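What TrEMBL annotates here:
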type	residues	note
REGION	1-48	region 'Disordered'
COMPBIAS	14-44	compositional bias 'Polar residues'
TRANSMEM	61-82	transmembrane segment
DOMAIN	135-270	domain 'Peptidase S54 rhomboid'
TRANSMEM	144-163	transmembrane segment
TRANSMEM	175-194	transmembrane segment
TRANSMEM	200-221	transmembrane segment
TRANSMEM	228-247	transmembrane segment
TRANSMEM	253-275	transmembrane segment
TRANSMEM	296-318	transmembrane segment
Amino acid sequence: MGEKDSETAPIWGKTQQRESSNIDPVNIESSTQSRQPRSLNRSRGGSYAERGRGVKEFRSWFPWLIPCFVIANVAVFVITMYVNNCPKKSGDCFAGFLGRFSFQSTRENPLLGPSSLTLRTMGGLEVKKVVKGDEGWRLLSCNWLHGGVVHLLVNMLTLLFIGMRMEREFGFIRIGLLYLISGFGGSILSALFLRSNISVGASGAVFGLLGGMLSEIFINWTIYSNKVVTILTLVLIVAVNLGLGVLPGVDNFAHIGGFATGFLLGFVLLIRPHYGWINQRNAPLGKPHKYKMYQVILWTVSLLLLLGWFIVGLISLFNNVDGNKHCSWCHYLSCVPTSRWSCNREPASCTTTQLGNQLSMTCLRNGKSGSYILANPSDSRINSLCVQLCR
């Protein structure tokens with residue numbers, strides 16, 4: 001399914017080309033047997049992709065799964081906004097003309113999206129519910145939720161740009177697994193270090209695709225001619241995006257966990273035969289091994305590290321281990337405090353007093369107080385006011 005009968009080139013542009021001076025076993029055989037058609041000589045020379053025609057690792061695929069992932073993410077966001085129902089549950093909304101689908105106020109959610117209560121209800125990653133509420137499914141569901149339109153657009157555009165190209169080269173099974181497992185790995189690392197906030201987004205899975213692209217170059221090293229430039233370009237892209245992750249409100253642990261998981265998984269899923277095997281696979285005698293020794297070593301070590309990470313990570317998480325207690329500086333990987341912003345990730349908490357139509361509220365985090373004329377406010381409305389008061 002999704003397979004396309006045409007030749008393909010590896011995902012990163014130029015591959016090595018061998019001149020016709022190479023000895024081709026088929027041509028040697030044809031020179032000793034004059035009755036064989038001279039058309040066999042056409043197999044001499046050619047690129048890695050041309051020689052790989054007919055090999056299952058080099059089929060070209062029609063990319064359909066990544067667009068389906070994008071549609072699913074957009075659909076989940078629409079459903080989330082429907083459940084959010086800002087006009088009824090909060091009242092203080094942005095873009096009110098959208099009715100039930102209007103956004104929370106930009107003071108509460110600058111990304112143009114739902115409230116934190118709605119994200120929690122829809123399956124956002126909350127450590128307490130995972131560990132104490134036996135809701136481990138949140139480690140997966142959080143990857144399909146987004147904090148707002150801005151968040152959704154950035155992730156989906158990146159997913160389309162990277163994911164469709166990778167699916168075209170490696171097929172829907174391998175890229176689908178790479179995406180889903182990377183998102184799961186990002187959720188585990190996020191849960192170990194961000195203990196109080198709700199985390200959502202497909203960023204960990206997207207970073208996993210970037211990690212897979214990088215490791216694919218290393219494990220298929222012999223087929224590329226512009227390796228250094230490609231690696232430097234990828235490293236720069238990853239470094240810039242991880243650098244932006246130290247801003248407040250960004251879950252950089254999900255990014256790091258997703259990238260690391262995807263990097264290891266790329267060695268396992270995206271391995272391809274080396275040039276020598278492709279060049280001589282039809283030889284009657286002395287055909288080389290399909291994979292070089294360094295490829296086998298990378299594949300084995302990566303698989304063991306990946307299994308070890310998931311086993312240790314899940315055991316630590318469900319035993320309620322706080323990663324910050326074992327790494328005093330790791331919190332700087334997700335947020336670096338400056339004079340312009342704080343990295344306090346404690347959830348907003350307020351004391352409230354209702355006297356008639358007057359609601360008095362005090363934020364426990366910063367001591368700010370406020371009074372509001374509200375009759376029988378909903379929990380969502382009170383939470384929205386508390387979040388604004390504690391900013």
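A Cβ is built for glycine as well, from the same backbone N, Cα and C atoms used for every other residue.
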Legend entry - Recorded stretch, among 61-82, 228-247, 296-318, maximising Cβ pairs under 8 Å relative to the transmembrane segment (253-275): 296-318
Legend entry - Secondary structure tally of the domain 'Peptidase S54 rhomboid' (135-270) (DSSP, helix then strand then coil): 107 helix, 2 strand, 27 coil
Inset, instruction - Could you tell me whether the transmembrane segment (228-247) and the transmembrane segment (144-163) are in contact, taking contact to mean 3+ Cβ pairs under 8 Å with a sequence separation of 6 or more? - result: no
Legend entry - Tertiary contacts of the transmembrane segment (296-318), as residues 6+ beyond its ends and Cβ separation under 8 Å: 127, 130-131, 136, 185, 188-189, 191-192, 215, 218-219, 260-261, 264-265, 267-268, 271
Legend entry - Dominant neighbour of the transmembrane segment (200-221) in 61-82, 175-194, 228-247, by Cβ pairs under 8 Å: 175-194
